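Heads up, the thing below is written out as C-alpha cells.
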Amino acid sequence: TEAMCMPCFTTDHNMAKKCRDCCGGNGKCFGYQCLCNRG
C-alpha cells in the first residue's frame, strides 16, 4: 500500500512540495490525499 502523509489542501500553494518532501521526494497530491510513490 502507499504511505500517506498529511492531507493535501488546495488552498495551500506549497502543498505539492510539502507532499513530495514528506514522501522523500516522490509523492503527489491526489484529491485530498498525499500519496507516496515507492520508487
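Yeah, the Cβs are placed from backbone N, Cα and C, and that goes for glycine too.
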C8: disulphide-linked cysteine among C29, C36 [source: Swiss-Prot]: C29
Disulphide pairing with C36 per Swiss-Prot - partner from C22, C23: C23
For C19 (disulfide bond), nearby residues of its own chain (Cβ under 8 Å, 6 or more apart in sequence): C5, M6, C8, G27, K28, C29, C34
Mapped DSSP class for C19 (disulfide bond), helix or strand or coil: helix
